Amino acid sequence: MNKPLITLTDVSTTVQNSTGTSINILKKLNLTINEGDFITVLGSNGAGKSTLFNVIAGGIKATTGTIKLNNRDITHESELKRTKYISRVFQDPKLGTAPRMTVAENLLLALNRRHSFSLMPRHLNKHLAEFTQITKQMGNGLDQRLQTSVGSLSGGQRQALSFLMATIQKPELLLLDEHTAALDPKTSAQLMHLTNEKVTSNAQTALMITHNLEDALTYGNRLIVLHDGQITLDVTGTAKEQLTKDDLLNYFASY
Amino acid sequence: MSILVSAIGQGLIWAVLGLGLFLTFRILNFADMSVEGTFPLGAATAVALIHNGVNPYLAMLAAAGAGALAGLVTGLLYTKGKIPILLAGILTMTAIFSINLRILNGANLSLLNQKTVLNSHFMQQLPPFFNTVFVGMIVLAVIIGGLIYLLQTNFGQAFIATGNNPTMAQSFGINSDSMTIFGLMLSNALIAFGGALIAQNNGYADVNMGIGIIVIALASIIIGEVAFGDLSLNFRLIAIAVGSIFYRFVLLLVLQLGFNPNDLNLLSAIVLALALLTPKLQHIFKIKNVLKGSVTRHE
C-alpha cells in the first residue's frame with residue numbers, strides 16, 4: 001500500500017450558527033489519505049463534505065483533533081501557507097479565475113504559486129508555447145483564446161481553466177468540490193473525463209465531492225460516504241469496483 | 001492662449017490624483033474615501049516643511065510618506081479590523097482633518113516668497129503657466145512609467161488578481177490582505193504627492209482643500225474611459241492623464257459661460273455623474289446604434 005499523505009485524527013469542528021448556538025459539523029472524524037488515492041466523496045447536504053474540505057484546506061480550523069501532512073502537524077497552519085501544496089477547484093467557475101485578466105495571465109499566476117511574487121518583469125511570452133500546449137489538451141478551444149480576458153469565456157471553458165490552473169504546478173493534494181456540477185451535461189462529462197485522465201496519469205492524490213453516483217462509482221480507486229459529520233462508508237479497490245448504484249441507493253435509503 | 005496652457009498644466013498635475021485613485025477604484029475595485037484626507041495631508045505636510053526651510057523636493061517625498069501612512073491606517077482598519085472600506089476611509093479622512101490643523105497650526109498656511117519646485121530660476125524663464133506643464137509632464141512620465149513597470153511584474157499581476165478575485169488570489173498563495181494594504185499605501189502616497197504639488201502651484205495649503213477631491217480624481221478616470229473605450233492597462237493610465245486635461249477644459253468652458261467658482265464642486269459632480277451615466281444613456285437613446293445605423297443597414 002502507498003504511504004499516507006494526509007491523516008485526520010479525531011477531527012471535530014464547532015461553528016456558531018446565526019442564532020449563536022454552536023453546532024458540531026465534523027464529529028471526531030478519522031481519515032487517512034494515501035499518496036496516489038483518487039477518492040470520491042458522497043454525502044447528503046449538510047453531511048459535512050464542504051467542511052471536510054475547508055478543514056483540510058485551512059479555511060476552517062479544527063476545534064479538536066490533528067491533521068498531519070507527510071507526518072508533519074499542519075493543524076494550525078494558515079490557509080495561505082497550505083495553498084502552496086493544496087489546490088482546490090470550486091463548483092462556481094467564477095471563483096477560480098480572475099475575470100479581467102487574460103487566460104495566459106491567469107495561467108502565469110498559477111504557475112508562480114510556489115515562487116514569491118517578485119518585482120521582476122513577468123516574461124509572459126516565454127510561457128506562451130507551453131500554455132498553448134497544455135490548453136490544447138483540453139480540446140475546448142481554450143488554446144485559441146490565450147489572450148482573451150477570462151470574463152468572456154463560457155462557463156465550461158472557465159472551469160476547465162480553473163482545473164488547469166489548480167494542477168499546472170502539481171499540488172500534493174487536489175480538492176475538487178463538485179467542480180463539474182454547474183456545467184451542462186456534455187461539458188460536465190468532458191471535464192470529468194479530462195479530470196480523470198490528468199489525475200490518474202499524474203498519480204495525483206485527489207478528493208472529489210460529487211452528487212453524481214455514477215461519477216462516484218466510475219472514477220477513483222476509493223469511495224467514502226459522509227453522514228452527520230462522520231465517515232460511514234469507506235470502500236477501496238475491488239470492493240469499490242463491485243459496488244453498484246443500487247447498493248448506494250439502498251445505503252442512502254437506510255438513513 | 002495662456003488660459004489654455006494653464007488648463008493643460010492644471011490637468012497634468014491633477015492627473016496624479018487620478019492615477020493614485022485608479023489603483024484602488026479600478027484595480028482593487030473599491031472607492032477609498034481616505035483620499036479626501038490624504039490630499040490635504042500631502043499639501044499640509046509639504047507646505048509646512050517648505051515654510052520651515054526644508055528643500056521642496058524632500059518636502060514632497062515626506063508628503064508622499066505621510067500619505068502612505070494614512071493608507072496603511074485605512075488598510076489595517078479594512079483588512080485586519082474588518083471595517084467596511086467606505087467607513088474605514090471616512091474614519092481616516094476625519095482623523096486626518098484634525099492632524100492637518102496641527103500640521104498647519106491653523107486652517108491654512110501660505111507659501112509666500114518660498115522656494116517651491118514650480119518657481120525655481122529655470123521655471124521663471126519659461127513662458128507663463130509652462131512651469132506646471134513642464135513639471136506635470138515629468139512627474140506623470142515618472143509615475144506612469146513606474147506604474148506600467150510595476151503592474152507588469154509578477155508582483156503587479158498578483159496585485160491585479162487580488163482586486164479581480166480575492167478568493168482566487170488567496171488560493172494561489174497571494175496574501176490578499178497585504179496586497180490590499182500595499183495598494184492603499186501606494187494610492188494614498190501618490191495622492192498626497194499630488195496634494196503637495198498642487199499646494200505649491202496654488203501657493204498655499206488649506207484644511208478644506210480635500211472636499212470633493214475623490215470626485216475630481218474619479219472624473220479624470222471616467223472621462224478617459226468614456227472617451228477612449230476599451231484599452232489595455234498601460235494605455236488606460238495614459239488615458240487618465242488625457243481625461244484629466246479634458247476635465248479641466250470642461251471646467252474652463254463652464255466658468256467661461258459665467259458660472260461662479262463657488263459652483264465648482266456642484267459642476268464637478270454633474271460632469272462626473274454625466275460621464276458615469278454615459279453607458280446607460282447610450283443604451284437608452286441608442287446613440288451607438290444611431291451612429292452605426294447607416295453603416296450596418298447597408299451591409
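Using N, Cα and C of the backbone, Cβ positions are placed for all residues, glycine too.
Feature annotations, courtesy of TrEMBL:
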{"type": "TRANSMEM", "residues": "B:12-31", "note": "transmembrane segment"}
{"type": "TRANSMEM", "residues": "B:57-78", "note": "transmembrane segment"}
{"type": "TRANSMEM", "residues": "B:85-104", "note": "transmembrane segment"}
{"type": "TRANSMEM", "residues": "B:129-151", "note": "transmembrane segment"}
{"type": "TRANSMEM", "residues": "B:181-199", "note": "transmembrane segment"}
{"type": "TRANSMEM", "residues": "B:211-228", "note": "transmembrane segment"}
{"type": "TRANSMEM", "residues": "B:235-258", "note": "transmembrane segment"}
{"type": "TRANSMEM", "residues": "B:264-281", "note": "transmembrane segment"}
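When Cβ-Cβ distances below 8 Å are used as the criterion, the transmembrane segment (B:57-78) is approached by residues 32, 34, 37-38, 41-43, 45-47, 49-50, 84-85, 88-89, 91-92, 95-96, 117, 180-193, 195-197 of the same chain, each at least six residues removed from its ends. Counted over residue pairs separated by six or more positions, the transmembrane segment (B:264-281) shares fewer than 3 Cβ pairs under 8 angstroms with the transmembrane segment (B:85-104), which leaves the two as not touching.
Here the transmembrane segment (B:129-151) does not touch the transmembrane segment (B:211-228). Their Cβ atoms form fewer than 3 pairs under 8 Å, with each pair 6 or more residues apart. Residues 11, 14-15, 17-18, 20-22, 25-26, 31-33, 35-36, 39, 191, 235-236, 239-244, 246-247, 264-265, 268-269, 271-272, 275-276, 278 of the same chain sit 6 or more residues outside the transmembrane segment (B:211-228) yet have a Cβ under 8 Å from a Cβ within it.
Remote same-chain residues near the transmembrane segment (B:12-31) are listed as 39, 85-86, 89, 132-133, 135-137, 139-140, 143-144, 147, 159-160, 162-164, 180, 183-184, 186-191, 193-194, 197-198, 201, 213-214, 216-221, 224, 236-237, 240-241, 243-245, 247-248 (criterion: CB distance under 8 Å, separation of at least six residues from the stretch ends).
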